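Enquirer: Let me give you the structure first, and then I'll get to my questions.
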Amino acid sequence: HTMADPSPLLCQSNSCTDDQESSDQRSHKQSISSLDEIVEQAILVSLASLFDSQQSFISVYTEAEPTWHCLNNTTCSSASNICMFPKSSWAWDGNPTTTALTIISEWGLECSSAFIKGLPAASHFTGCLLGIVFLATLADSSLGRKNLLFLSCLTMSVATSLTIFSNNLWIYSLLRFFSGISRATIGTCTIVLLTEKVGTEWRGLVGILDSFFFTIGTLTLPAIAYTNRSSSWTIIYLWTSIPTLVYSGLLYIFVSESPRWLFMQGRQEEAVEVIKSLSPIKDSNQLSLSLVSAVSFGHEPAASSKESSFLSSIRELFVRRWALERTLALMVPGFGIGVVYYGMTLGIENLGFDIYLGVVFNALLEIPNLASTIPSFFLTFFLIQKWNRKSSLLVLFIISGICSIMAVVANDISNAGKRMRIGLELASLFSAYIAYTVIFIYAIELFPTCVRNSATSIMRLAIIFAAIFSSVLVAAGSNNEFVSYGVFGLVIICCGFFVICLPETRGSSLCDTIDQREHKDSVTV
């Protein structure tokens, strides 16, 4: 017995049952009310990605080396290495009353090694790694998607607030480490919670919505940093921590849990209430056949669901051969995307480009609503809806890698070469951004509800590990560009070929149990 896509929300007419079609006679006011609630839920959940994005790239501004000028031109030249001159011969640009423009200027790290300068960013992403390893399974077992998302946002805001009080690099790095642990599960909980509430036809749209808000966060960050460029770096943390704290409260009050997860935990009544609250049909006697099947999912909940342990979902992924193969085959391409996605954004300063405008240009490529000038919305939606997952990812990987390598080749002293280099870097990011969205949708389709968040988190683990790897390359690439951008291109091309090992999932319904997934795969084969 196979299962049709059980998510009734935002269901299109060609995928709904006759009973649902007959419900067109319900009141217009009731329909609009339910649709508004669905949209509100989707927006509220997606907002988590905005704050997650800000903490991902905040180091671009708080840990950058400020510009400086000479106080005495006879003993100093601003075109030279700052470490060659005594501190009395130069000064930082900007507000002369403070040296706390960034942690580099406040703690005198301008002449420190690349390891010391990159320690906070590496600590943050290391925290993300550990957070995924030890916390991701809670979304599949005891806490659920909503509660883990709420706790992650809340603790991230607290850790970000405490970072303001750091008085040296080591405390700062430690707090960035805890911030990384806190935000580790936000990305996966957001996309999983979104997709488990909608049908197949809308899966790509909510995935793009998640990416849209992640991009909004990337855009608001340089605006905050530029506005406070003459103030202390602590102001940036203040302006990003308080909204996150407020959002955490709104999330807890207004967002409902995934009905799929509730049913898998044996909490059928709660699952029914969530679905009814989001359905246009409020009268229990008028619930459509599709809505009822959304509660039953075509199967009884797994007998072991109530007894699921902390690591049960991880154990399932490594015990089942097909699950292990899919997990490993997703981690490698995820690593490739992470190298370009984080490496190019964190390394924008190495391009000799303004760090405020550079991150803005990078973010503009990702915004679906700017499709009138940048075709990211249409291309992403087309790839998700019309193209096979494997083919689209492979093409995106190859394009991103070639553009990244060519960005090194195009580097010369002429203005034309610099403009070409920026264009190639943006093209590489454009492809990586779209691949980032597609691969998360792909991962969600490959695994059932009982292990979906854990499997997606493990793939994200590879992406975060790539962020650590790329942050080191960015620091080393300040003197040798091929070490950063050349390696970025080679890595994403090589990693991309691993998607060939995965089965195709475009247009398929989501499964809830391991048995359902295995039965569906056997029928497909």
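Including glycine, each Cβ sits where the backbone N, Cα and C put it.
Note that TrEMBL annotation is computational and uncurated.
Pasting the feature list from TrEMBL:
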REGION    1-30  region 'Disordered'
DOMAIN    41-506  domain 'Major facilitator superfamily (MFS) profile'
TRANSMEM  121-139  transmembrane segment
TRANSMEM  148-165  transmembrane segment
TRANSMEM  205-224  transmembrane segment
TRANSMEM  236-255  transmembrane segment
TRANSMEM  323-343  transmembrane segment
TRANSMEM  355-384  transmembrane segment
TRANSMEM  391-410  transmembrane segment
TRANSMEM  430-451  transmembrane segment
TRANSMEM  458-476  transmembrane segment
TRANSMEM  482-502  transmembrane segment
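Distances, neighbours, how buried they are, the whole picture for these features please.
Expert: Within its own chain, the transmembrane segment (121-139) is flanked in space by residues 55, 59, 63, 145, 148, 152, 173-174, 176-185, 188-189, 192, 261, 310-314, 346, 453-454, 457-458, 460-461, 464-465, 467-468, 471-472, which lie at least six positions past its ends and keep a Cβ under 8 Å from the stretch.
Non-local neighbours of the transmembrane segment (148-165) in the same chain are 45, 48, 51-52, 55, 135, 138-139, 172, 175-176, 178-179, 181-186, 189-190, 193, 234, 237-238, 240-242, 244-245, 247-248, 251-252, 255; each lies 6+ residues outside the stretch with a CB under 8 Å from one of its CB atoms.
Remote same-chain partners of the transmembrane segment (236-255), defined as residues 6 or more beyond its termini with a Cβ less than 8 Å from a stretch Cβ, comprise 40-41, 44-45, 47-48, 51, 54-55, 58, 61-62, 146, 149-150, 153-154, 156-158, 160-161, 163-164, 193, 221, 224-225, 228.
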Enquirer: Is it the case that the transmembrane segment (391-410) and the transmembrane segment (482-502) have 3 or more CB pairs under 8 Å, with pairs at least 6 apart in sequence?
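Expert: Output yes: the transmembrane segment (391-410) sits against the transmembrane segment (482-502).
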Enquirer: Can you give me the average pLDDT across the domain 'Major facilitator superfamily (MFS) profile' (41-506), rounded to a whole number?
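Expert: The predicted confidence over the domain 'Major facilitator superfamily (MFS) profile' (41-506), as a mean pLDDT, is 79.
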Enquirer: Should anything in the same chain at least six residues away from the transmembrane segment (430-451) have a Cβ under 8 Å from its Cβ atoms, list it; otherwise answer none.
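Expert: Sequence-distant neighbours of the transmembrane segment (430-451): 140, 191-192, 195-196, 203-204, 207-208, 210-211, 260-261, 264, 302, 305, 308, 313, 316-317, 323, 326, 330, 333-334, 337, 340-341, 344, 365-366, 374, 376, 379-380, 383-384, 389, 392-393, 396-397, 399-400, 403, 459, 492, 502-503, 505, 508, 510-514, 516-517.
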